[in-house]
Amino acid sequence: MTIALGKFTEDEKDLFDIMDDWLRRDRFVFVGWSGLLLFPCAYFALGGWFTGTTFVTSWYTHGLASSYLEGCNFLTAAVSTPANSLAHSLLLLWGPEAQGDFTRWCQLGGLWTFVALHGAFGLIGFMLRQFELARSVQLRPYNAIAFSGPIAVFVSVFLIYPLGQSGWFFAPSFGVAAIFRFILFFQGFHNWTLNPFHMMGVAGVLGAALLCAIHGATVENLYFEDGDGANTFRAFNPTQAEETYSMVTANRFWSQIFGVAFSNKRWLHFFMLFVPVTGLWMSALGVVGLALNLRAYDFVSQEIRAAEDPEFETFYTKNILLNEGIRAWMAAQDQPHENLIFPEEVLPRGNAL
């Protein structure tokens, strides 16, 4: 019989409690449990992007130069997607494609999947960080809920859309000019600007910008400073510590301008949260639809009439011809592996030509 001598107290902490104390300790930069996901993923995503844009070519995947080493600048450098022949392979460094060869892995486009997946989990980690801190200081979690909008857009564009297509090849590459090319691709192949989900996204983002401008200007206008020397030009101090603006005055002002105004701060700020986040969610939903090649707003009757009547043309039919041109020119350049050749006589020409 074995007898263990010792005294167990309730103050004794297990490993989880020790880690919890260290991770959530009050320090200059909060770590938290979410930091175990956020910091490594953000580090690898940014590190992979800087490495790719500095050193790695896209010659083997797109037939392009895409790094500073090859002469690109900040606007033209990119971490490009893998070749279409690799489909939806995760392109793990130790996988059958690269077989542990780092140079080969970079040539195949492995950095793109590396950056995309670590970037997605890094964004999720940042949202969890906001949840964790909100819970620690007893706030509502609306900051984290709002950040789900950018996460939804990133995941839908960089992951779900190419999963619905033939491979990662059709996702955006990580670069400024590369994103612009992807936008043109979306327009030419999906008529994205006429998609109602895109319209809701634009309304949400631009509407949020308008709301921010109005809100900031209104609050700034209502700052006041008491004192004998105060006048119209000296009474406003944007750096003062006290919150001195009047909601009643703001309500009276905008009631006279528009005829309607927000009645309280809670409804006003909820609306400023609702507009951009809903717009981002709707645009993400639309991209999921494009992944399945769903179409919206095809006005076929106008196309038929424009084809039959040389004098009939609308802005819609002109845009359709423009989309055909984008497809014809972009497909041959963007998908060289398909060996697409479009003779001059089949390229789209509008009635005006």
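Glycine is treated like the rest: Cβ placed from N, Cα and C.
Between the stretches 208-228, 250-270, 313-333, Swiss-Prot puts its transmembrane segment entry on 208-228. Per Swiss-Prot, the stretch carrying the note transmembrane segment among 83-96, 153-166, 181-194 is 153-166. Scoring each of the binding-site residues (HIS198, HIS215, HIS269) by how many neighbouring Cβ atoms lie within 10 Å, the top position goes to HIS198. All protein chains included, GLN130 (pheophytin a binding site) registers 18 other Cβ atoms within 10 Å of its own Cβ. Cβ neighbours within 10 Å of HIS118 (chlorophyll a ChlzD2 binding site), excluding its own Cβ and spanning all shown chains: 21. Listed as Cβ neighbours of the transmembrane segment (153-166) (distance under 8 Å, sequence separation of 6 or more from its ends, same chain) are residues 81, 84, 87-88, 116, 119-120, 123, 172, 280, 283-285, 287-288, 290-293. For ASN143 (pheophytin a binding site), the nearest neighbour among the listed binding-site residues (HIS198, PHE262, HIS269), judged by C-alpha distance, is HIS269.
Using CA atoms as reference points, the binding-site residues GLN130, HIS198, PHE262 were checked against HIS215 (Fe cation binding site), and the closest is PHE262.
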